[in-house]
Every structure is written in C-alpha cells, then in structure tokens.
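In what follows, a single structure is set out as structure tokens and then discussed.
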Amino acid sequence: RVINDDCPNLIGNRDLYKKVEWICEDCSNIFRNTGMATLCRKNCFFNEDFLWCVYATERTEEMSQLRQWVGILGAGRE
C-alpha cells in the first residue's frame, strides 16, 4: 500500500509513484541514510533533495520524464 499525503494524484497513478519513489530508495541506499528517502519524497518529490538524488543515482538522462511524472503526481498541490 502506498501512502503519501503530499501527492494529491496518487490514486490511479501508483505505477508512476513507484517509478519516481525508486529514485529516493536508491538514494537512501547509496548514502545509507534512511531519512534521505523521506526528504526526497517531501512535497510530492518537488524539492531539491529529489533533484540531488536524481543526480546521485545517475538518472539525469530521465530528468524530463521524471519532471512530467512529478507534475502529474503533484497536480492540484497548493
């Protein structure tokens, strides 16, 4: 079960969420810092820690796709 109150469009988009969240999990594993995943997911992935994790996990070639997915998940966010 996936719960993230920061992402208003999580329902119906769990597959996208899992793809984006995987970057946060990888980042947390790379740096052995469990709090990193939480920081990465903050504000539905719309934060500097998420971008930092994209670079740290060497996923920059996917940046435009990731931005699109984060936009979908966070649509309607205040």
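Even glycines carry a Cβ here, placed using N, Cα and C.
Keep in mind the model is a prediction, meaning the values are calculated, not measured.
Over in Swiss-Prot, the protein carries these features:
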type: DISULFID; residues: Cys7-Cys44; note: disulfide bond
type: DISULFID; residues: Cys24-Cys40; note: disulfide bond
type: DISULFID; residues: Cys27-Cys53; note: disulfide bond
Neighbour-count leader, CB within 10 A, disulfide-bonded residues: Cys24, Cys40: Cys40
Residues satisfying Cβ distance under 8 Å from Cys27 (disulfide bond), sequence separation of at least 6: Met36, Ala37, Cys40, Trp52, Cys53, Ala56, Thr57
Other CB atoms within 10 A, centred on Cys53 (disulfide bond): 25
Residue among the disulfide-bonded residues Cys7, Cys44 whose Cβ has the most other Cβ atoms within 10 Å: Cys7
Residue pair Cys7 (disulfide bond), Cys24 (disulfide bond) - Cα distance, angstrom, rounded: 15
Cys44 (disulfide bond) and Cys24 (disulfide bond), distance between Cα atoms, whole Å: 11
Three-class DSSP secondary structure - Cys7 (disulfide bond): coil
